[in-house]
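**Student:** Please find one structure pasted underneath; my questions will follow.
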Amino acid sequence: MRVQSYLSLFSLVGAALCAPREHFKRTARTSAPAGCLTVGGSGTYSTIGAAFAALGSSSSEACIYISAGTYKEQLTFQYAGPLTLYGETTDTSSYKKNTVTITHTISSPEAGSLVASATVNAAMDNFTMYNINVVNGYGKGAQAVALAASGERQGYYGCQFLGYQDTLYARVGVQYYSNCYIEGAVDYIFGDASAWFGECDIVSNGAGYITAMSRETASDPAWYCFDHCNIYGKSGLDLTGDVYLGRPWRVLARVIYQNSELSDIINAAGWTTMAEGATPLYYEIGNTGDGADTSKRLYLSEISAAVTKATVLGSDWTDWLDWSY
């Protein structure tokens, strides 16, 4: 019996390592894609961490399917090969039917650093996540990261990221966020990754600043691009004029909002200061809504056309981005 169990485990892990990443959209994902390790429900593992540990030191492509539930875990993903996490959902095209939540509560001062406070620390290249909610439940009072994303070719599809201060640490690398929900109040999207946020809901749950980008040198190709996003306040809160599009964490922050809907939560000045001596590059083009008037904007630079995915994600973006989103 023990030998048979070992063989079964070997077969499961081997299948997960060989499984291809999904590049087509389904209306529902209520069972594991072929070859994935399984977590929760009737799956093999009870925790996400245990499933990830089972992948070991391989560099083969791998995937993990997570059944509906709330997983109280703090996770760091460092893996040599491409890794995809799938959450159970009845609608893969949106975050609204997500059933999987990963949650942890700790502040950066308590943890010792921003990254150490992250509920999910994706510290690898070729990391992809579908239809999973990531929460840092700390709330007001200190920085507390939900997702720390550090890597090339990272993709997040139909996910939710919830916190208050420093929710999403788009730290370094190249990242794509599609049809996601991102909630916070103070600097809740920050870092020096080059990141494209497409068709996302950017939701403020308090007065503050959406972005705190940390680009420092003119040679750094990084952008934060918000394309066809909806920018608004959390239901039940009156934040009229209380939210800024961003402030520069470092001196050459570069952010653009394009073809997006900006609600009345956006302060007429649009942008404000942070780093001493900063000369940020802040752009707006093609936006609509009560917060889109740029006539009183501060620190706004001119731009003649919306930026492209190639500009933000690099010339190889067509090779790794999930086209179904």
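Cβ from N, Cα, C; glycine included.
What Swiss-Prot shows for this protein is this:
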ACT_SITE  D166  active site, proton donor
ACT_SITE  D187  active site, nucleophile
BINDING   Q143, R247, W249  substrate binding site
CARBOHYD  N126  N-linked glycosylation site
SIGNAL    1-18  signal peptide
SITE      Q165  site 'Transition state stabilizer'
**Student:** Take the mean position of the Cβ atoms of Q143, R247, W249, the recorded substrate site. Which other residues of that chain put their Cβ within 8 Å of it?
**Tutor:** D166, V186, D187, F190, Y209, A212, S214, M274
**Student:** Write out the long-range same-chain contacts of Q143 (substrate binding site), meaning residues 6 or more apart in sequence whose Cβ is under 8 Å from its Cβ.
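**Tutor:** In sequence order, S107, S108, P109, L114, S117, Q165, D166 meet the Cβ cut-off.
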**Student:** Drop a 10 Å sphere on every Cβ of the active-site residues D166, D187 and tell me which sphere holds the fewest other Cβ atoms.
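**Tutor:** Result for the active-site residues D166, D187: minimum number of other Cβ atoms within 10 Å at D187.
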**Student:** In sequence order, which same-chain residues at least six apart have a C-beta under 8 angstroms from the residue listed as 'N-linked glycosylation site'?
**Tutor:** G81, P82, L83, G151, E152, R153, Q154, W320
**Student:** What's the longest C-alpha separation between any two of Q143, R247, W249, the listed substrate-binding residues, in angstrom?
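**Tutor:** Spelled out: the longest distance between any two Cα atoms in Q143, R247, W249 is 16 Å.
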**Student:** Measure from the Cβ of R247 (substrate binding site) and count the other Cβ atoms within 10 Å, all protein chains considered.
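**Tutor:** Neighbour count, Cβ to Cβ under the 10 Å cut-off: 25.
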**Student:** Which residues, sitting 6 or more apart from W249 (substrate binding site) on the same chain, put a CB under 8 Å from its CB?
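**Tutor:** When sequence neighbours closer than 6 are ignored, W249 (substrate binding site) has D187, F190, A212, M213, S214, M274, A275 within Cβ distance under 8 Å.
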